[in-house]
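Take a look at the structure below.
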Amino acid sequence: MQLLNFGLLLLPFVAGDLAPQPEPLLAGPSDVVPGQYIVTLKEGLTSAQIRDHKKWVSSVHRANLDSFAAGASGVETEGIMKHFHIHDLNMYSGGFDEKTVEDLSRNPYVKSVHPDQHVYLAKTVTQRQARWGLGYMSSKGKPVPLHSTLVDYSYDDKAGEGVWAYVLDTGINVNHIEFEGRAILGHNAIPNKPHTDEFGHGTYVAGIIAGKTYGVAKKANVVSAKAFDTGSSTYNYILETYDWIVRNITDSNRKNKAVINLSISGAKYQPFDDAVEKAFKAGITTVVAAGNDGKDAKNNTPASSPNAITVGAVRWENTRPSFSNYGKLVDIWAPGELIKSCWKGGNNATSTQSGTSAASPHVAGLVAYLMSIENLPSPSAVTARVLNLTIPNLVKDAKDSPNRVAYNGIQERKFKLPK
């Protein structure tokens with residue numbers, strides 16, 4: 001069974017150290033959660049079959065707990081914990097002894113059994129610099145001055161109005177002045193923790209999507225879906241949160257007016273790739289970070305999910321930062337180095353960060369922006385429109401990636417030159 005190295009995707013900088021390209025800050029070591037698993041059921045099962053399967057699991061688990069073999073494992077297990085249903089994909093998490101896991105792997109209703117994983121956040125530090133990313137999004141990929149705050153960002157004034165961006169992350173400070181009351185608390189999967197953002201990552205990502213100053217879609221609504229806290233998470237919480245998002249979008253009739261942002265990445269983990277794919281088939285668009293390993297994104301989740309919009313990071317002069325993943329599964333490139341946005345610590349706090357965590361929300365914001373001004377009835381239509389607007393062949397060292405830079409479709413762009 002495959003171990004997972006998984007984390008949020010911002011990189012630290014020392015204040016004032018702007019010239020060197022950064023090395024990626026790797027997330028902490030990823031460990032299997034002892035005795036805890038994600039079970040994926042085969043497609044086509046009826047509700048009755050799923051109910052019968054769960055009864056069977058409970059019976060087998062109880063019997064094994066009573067046996068010497070289960071007791072000898074030294075792991076307390078609690079059986080089925082949570083069920084996830086995304087389109088026609090059914091999964092559940094659970095705490096099981098080794099004998100029950102063996103029985104599950106042989107069950108005719110079970111597609112796969114994967115160990116749950118600890119998921120670690122990358123640490124970041126603050127740097128007060130840069131607003132180049134927004135100007136780049138409306139400049140057809142023309143190089144922009146890194147330190148200038150005088151670059152125009154041109155956009156349609158609908159600016160994401162009526163669209164909902166769901167941010168699966170560390171939470172959002174919904175009271176930050178950048179959100180102007182357009183940010184709401186959605187779901188908090190972390191037990192015994194308040195629905196706040198003590199780490200800063202989720203607030204930062206949301207600011208790039210929809211902040212009044214730093215956002216691509218300045219009138220979009222953002223929904224906080226908390227699956228991480230200040231330390232780590234597991235797929236038990238990530239799948240719960242993603243399942244909630246898909247249900248909320250569906251129940252609220254927002255499929256063609258909603259986008260999910262996942263600024264997270266780790267070693268390939270098929271159950272979550274499957275979940276993202278099923279959301280696409282259900283009519284929901286997901287934008288994901290390519291990852292910060294400086295390697296081919298095909299080995300990362302959720303970047304390898306075939307119908308997610310996978311985003312690599314580009315610098316202001318159209319080069320690929322050394323940290324950004326690449327490859328044939330990277331659909332598009334967007335600003336991802338020295339990007340300023342909202343931060344933790346106060347309702348007007350800001351920070352400048354780098355990583356594909358910053359690139360992904362630029363494209364999620366672009367999706368929200370386009371949804372507000374055009375009739376894009378499906379994720380396929382959204383992806384086609386986003387890619388159709390891109391500017392080709394600009395990124396240096398794109399490796400074998402599709403060489404397409406994000407662009408919002410506005411033709412005019414001006415520089416205000418200082419006197």
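Placement of Cβ uses the backbone N, Cα and C atoms for every residue, glycine included.
Checking N299, N348 against Swiss-Prot for the annotation N-linked glycosylation site singles out N348.
Distances between the Cα of N248 (N-linked glycosylation site) and those of the recorded positions D169, H201, S357, N388 are shortest for D169.
The Cα atom of N348 (N-linked glycosylation site) lies nearest to that of H201, taking the recorded positions D169, H201, N261, S357 as the candidates. Neighbour counts were taken at the CB atom with a 10 A radius for the recorded positions N248, N348, S357; the maximum falls on S357. D169 (active site, charge relay system) and N261 (N-linked glycosylation site) have their C-alpha atoms 9 Å apart, to the nearest angstrom. In this view, H201 (active site, charge relay system) is surrounded by 30 other Cβ atoms within 10 Å of its Cβ, with every protein chain counted.
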